[in-house]
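Straight from TrEMBL, the features:
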- 10-43: domain 'Exosome complex component N-terminal' (DOMAIN)
- Cys155, Cys158, Cys172, Cys175: Zn(2+) binding site (BINDING)
Amino acid sequence: MQGSSVSKALVTPGEELGVEEEYLPGDNAYVDSGYVKSMVLGIAEWDRVNHVVNVKPLKLSLIRPGQIVYGKVYYFPNDKVAMVRIFAVQHQDGVRRIQAETGILYVTYASEERLSTIYDAVGLGDLIKARVLSSKPPYHISLRGPLLGVVETRCPQCRAVIVPSTSSKITCPVCGFVFRRKVAAS
């Protein structure tokens, strides 16, 4: 295609795609020390007209049953289920960012305790640490276990960011509102 305003190449996570003065980071790209870099293994597309670089991920499942993952609660189809956007996997050498995948958290797997509603375990926007139960997306996940649960939440009243301790009852340090979450022990 002669005169095309888009060029493409295979890139790896962390690979430099350009400088931030020349290109803005698009999908699956970020800026680090002035360089636009790829978040995922995929095909980078440099748009020379709009000066944006996007990376289309190659689908490689890095998530396996039993692994610990980090995600963000983004939707409640009903009061028994939470949808989670999984964005990182814990490995022996640390936590690695991955191409976002969907996780499903059922109320029966949200805590060791019997809960009547998923809202007693997690809230919209909560960052959670969970264990993977299934081998294919959407991944079924569990918060059962003392090291699993919410690692960051927001007060439902004033939206203050809170990093909870080990208690399931959280008191907002800003407005004093008390609410419940299934908290991950540090």
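Here, residue 1 is simply the first one shown, and the rest follow in order.
Glycine residues also receive a Cβ, built from the backbone N, Cα and C atoms like all the rest.
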Problem set entry | Close in space, distant in sequence - Cys155 (Zn(2+) binding site), Cβ under 8 Å, 6 or more apart | Ile162, Cys172, Val174, Cys175, Phe177, Phe179
Problem set entry | Number of Cβ atoms other than its own within 10 Å, given for Cys172 (Zn(2+) binding site) | 18
Exercise. Average pLDDT across the domain 'Exosome complex component N-terminal' (10-43)?
Worked result: 91
For this session: Using a 10 Å cut-off, grab the number of neighbouring Cβ atoms around the Cβ of Cys175 (Zn(2+) binding site), all chains included.
Result: 12
Exercise. What is the Cβ neighbour count of Cys158 (Zn(2+) binding site) at a 10 Å cut-off, with all protein chains included?
Worked result: 11
